[in-house]
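Here's what TrEMBL has on this protein:
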REGION    1-36  region 'Disordered'
COMPBIAS  13-28  compositional bias 'Polar residues'
DOMAIN    42-506  domain 'Amino acid permease/ SLC12A'
TRANSMEM  45-64  transmembrane segment
TRANSMEM  76-100  transmembrane segment
TRANSMEM  121-146  transmembrane segment
TRANSMEM  152-174  transmembrane segment
TRANSMEM  186-203  transmembrane segment
TRANSMEM  239-258  transmembrane segment
TRANSMEM  270-292  transmembrane segment
TRANSMEM  376-396  transmembrane segment
TRANSMEM  402-428  transmembrane segment
TRANSMEM  448-469  transmembrane segment
TRANSMEM  481-500  transmembrane segment
Amino acid sequence: MDTEKSGGLSAVMSGSDNTSGEVITGTRNDYGETKRGLSPRHVQLMAIGGSIGTGLWVGIGGVLSKAGPLSLILGYAFWGLLFIWPLNLTVAEMCAYLPVRGSIFELASRFVDPALGFAMGWTYFFAGVMLVCTEYSAVATVMQYWNADINPAAWIAMAMVVCFLLNVVAVKWYGESEFIMASTKVILLFGLCLITLITMSGGNPQHDAYGFRNWGSGNAMHEFYATGDTGRFLGWFKVVIYAAFTIAGPDMIALAAGEIQNPRRTIPRVAKLIFYRLVGFYIVGVLCVGIICSSRDPSLLGAIENSEPGAAASPWVVGIKNLHINVLPDIINALIMISGWSCGNAYLYSSSRTLYGLAKDGQAPKIFAKCTKSGVPIWSVVAVSLISCITFLVSSNSAVEVFYWFVDLTTTALIMTYTMMLVAFIGFYRARNAQGLDPASLPYRAPWAPYTAYLALVLGVLALIFVGYNTFVPFDSRSFVTAYFGLFFGIFMFIVWKVVKRTSFVKPSQADLISGKKEVDDECRHWEEGGIEEVEKERLAQMSFARRCWERLW
């Protein structure tokens with residue numbers, strides 16, 4: 001294999017150096033390529049914004065009522081700290097070393113098996129499109145909070161047009177739009193946590209210092225699907241599965257690796273902050289939601305039972321209404337709408353970049369690798385937008401019902417993708433050891449690897465096996481299909497590519513750790529020559545004090 005050429009995936013698949021060179025040259029000359037227009041500020045907010053969607057505002061009421069507030073915290077902490085945290089750190093190590101435009105799917109093909117890269121890419125593409133549909137349908141349900149007479153398809157169309165336009169401009173302006181919308185979600189979450197702290201201490205119109213009252217009378221942990229300790233365990237596990245849907249993994253970082261400025265500094269920095277995002281946004285957030293609203297509140301249970309639209313089924317809104325605080329529910333509903341819009345925007349980006357990466361590696365039609373002069377894979381964005389038109393199902397079905405269809409379809413596909421990312425990292429770890437790559441030469445090393453990766457891999461496999469445990473007795477065919485479709489789809493795509501292309505598992509000693517690295521080194525030289533941190537300090541030294549403080553935040 002020609003180690004000076006990028007596109008090692010094509011070479012691995014075909015076994016021909018010439019083929020690899022022709023594919024990459026053709027792609028660059030005839031199709032263009034994405035550009036490094038995302039600053040650290042953009043990437044930080046993309047990582048945050050992509051992980052705070054309507055599931056944390058509205059859908060969480062369903063699992064709160066099933067499992068109870070203590071199970072909610074324990075479930076989120078378990079999945080976040082033992083699966084998502086090590087997943088982010090290990091992917092950051094791999095992508096910081098090779099932040100190529102083929103993304104993590106190409107790396108999986110190099111380090112494990114081309115069939116794994118193919119299966120991971122198409123499984124995540126499916127998950128990404130379903131997430132776009134999820135957020136579009138969420139926008140429709142939120143708008144129905146104010147006006148239930150207008151067909152929700154009108155709100156779907158509105159969201160689709162805005163997100164499409166934001167995704168076809170230069171990536172820099174996409175990053176700016178996502179920065180603004182994601183910032184509103186962070187402000188909303190901080191605001192709701194602050195409201196909870198103030199009201200639980202007695203700062204409410206009723207001057208009721210309710211504290212942890214909603215945890216009393218045996219309401220901390222509920223039985224679900226069974227009785228006794230088994231029922232409480234299954235309630236907790238239901239939260240773990242829901243957390244797998246709401247807590248985003250490193251997909252935004254991995255997919256944007258080829259468009260990030262100074263990637264070998266930015267990627268590790270974003271990944272290392274994941275611990276604080278998990279604790280600050282999720283664990284504290286779900287703690288507050290279990291405080292402000294009782295898991296047995298009649299209004300919450302009634303809204304869930306009747307599939308009431310928008311923030312009506314949000315435990316945050318129910319709790320605030322119970323305290324007789326006016327105006328806030330409408331403000332929260334508006335911010336939830338922006339939240340859904342932001343996530344739709346983010347996942348239109350990620351799914352289109354997935355299709356671009358697949359096309360670039362010869363695993364999807366080449367037309368999807370076509371980029372505009374500003375570096376936007378235009379036909380990939382168009383394709384995802386057209387597929388997401390299935391969201392118009394809301395015109396003939398309940399918008400809330402369609403929303404939960406997409407949630408079920410997405411959850412398993414995401415767990416499947418993240419589990420395959422861990423397999424890719426283990427392949428990378430074995431390859432760098434087998435080939436004697438000096439660990440000190442890596443831009444970033446994940447702590448406690450590979451042990452944390454193996455632990456997370458076991459948890460991911462168990463979650464995939466038992467994700468639909470409550471669909472068997474009594475057997476519910478629709479719920480079974482939506483729960484396990486992502487798993488079967490991933491396995492099917494792996495087998496198809498392995499049979500059709502007759503791929504082989506890559507030996508660690510022969511894995512391609514080189515292709516594309518020289519190009520990335522050349523591209524990033526002005527950020528890295530003289531030392532990454534030293535160059536950054538010199539850049540900051542030329543700024544005013546206020547600007548320097550702002551830049552250091554990211």
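Note: Cβ is positioned from N, Cα and C throughout, glycine not excepted.
Outside the transmembrane segment (376-396) by six or more residues, the chain places 34, 128-129, 132-133, 136-137, 140, 151-153, 156, 160, 163-164, 167-171, 348, 351-353, 355-356, 359, 367-370, 402, 405-406 with a CB less than 8 A from a CB of the stretch. Most Cβ pairs within less than 8 Å of the transmembrane segment (270-292), among stretches 76-100, 121-146, 152-174, 239-258, 448-469, belong to 76-100. The stretches the transmembrane segment (481-500) and the transmembrane segment (121-146) are in mutual contact, each linked to the other by at least three Cβ pairs under 8 Å (pairs 6 or more apart in sequence).
Here the transmembrane segment (121-146) touches the transmembrane segment (402-428). Their Cβ atoms form 3 or more pairs under 8 Å, with each pair 6 or more residues apart. Contact between the transmembrane segment (239-258) and the transmembrane segment (152-174) is not supported: fewer than 3 Cβ pairs lie under 8 Å, counting only residues 6 or more apart in sequence. Away from its own ends, the transmembrane segment (76-100) comes close to residues 6, 106-107, 239-240, 243-244, 247, 249-250, 253-254, 257-258, 260, 263-264, 267-268, 270-272, 274-275, 278, 282-283, 286, 418, 421-422, 424-425, 428, 442-450, 452-453, 455-456, 459-460, 463, 513, 516-517, 519-520, 524 of its chain (Cβ-Cβ under 8 Å, at least six residues beyond either end).
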